[in-house]
């Protein structure tokens, strides 16, 4: 039995005991989480190229946190707190392949909601499935991502999942780079939430004397440029 209970519209909400457990835990603070990311050297400045081909003056490497079970769980717990506070309703958790799979696994475990896995492409052997796991057609999926730029990876994943007769209405990420994802995803009827924003990261780097206010505004202006 999972932590999902049926509602009138066919979606599901997290069971009360799980909600209470999440709410009772000490909230993950943005500053504490930033400090852990900083210590793990997740922030790099310079010239880096994203999947989109766009150059960025700052790169956030959240893949590094999979090497720290404690920090990885902090990230998942922070997402779960956001999920519960936002009263999101869903039947399954899916990590955007493949960097978000560790996060999705922990979110599934903390909330006691089934996880599915979406392959980048269907297997050419065996069952040839694109979606791995046990699910009912018409169920609702929550997408989990680590870092979001324009939201394109989420859009691609949502489209593929919808083509498998599943619904996708919400997506959540650890970090929003604030490069248009919220508006882009809204065009596909996707509600987007995040725990951290790029501006919060830049503010944290200022407190570490790694950046000036002037440089922060230069980076924000650069990130605001259209792709």
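Cβ coordinates come from backbone N, Cα and C, glycine included.
What Swiss-Prot records for this protein:
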- 51, 119, 120, 123: 5-phospho-alpha-D-ribose 1-diphosphate binding site (BINDING)
- 149, 177: orotate binding site (BINDING)
With the cut-off set at 10 Å between Cβ atoms, which of these binding-site residues ends up with the most neighbours? Options: 51, 119, 120.
119
Where the distance is taken from Cα to Cα, which of the binding-site residues 51, 119, 120 turns out closest to residue 149 (orotate binding site)?
51
For the C-alpha pair, I'd like the distance in angstrom between residue 120 (5-phospho-alpha-D-ribose 1-diphosphate binding site) and residue 177 (orotate binding site), rounded off.
23
Cβ neighbour count within 10 Å of residue 149 (orotate binding site)
24
Cα-to-Cα gap, residue 177 (orotate binding site) vs residue 51 (5-phospho-alpha-D-ribose 1-diphosphate binding site), nearest whole Å
13
Measure from the Cβ of residue 177 (orotate binding site) and count the other Cβ atoms within 10 Å, all protein chains considered.
24
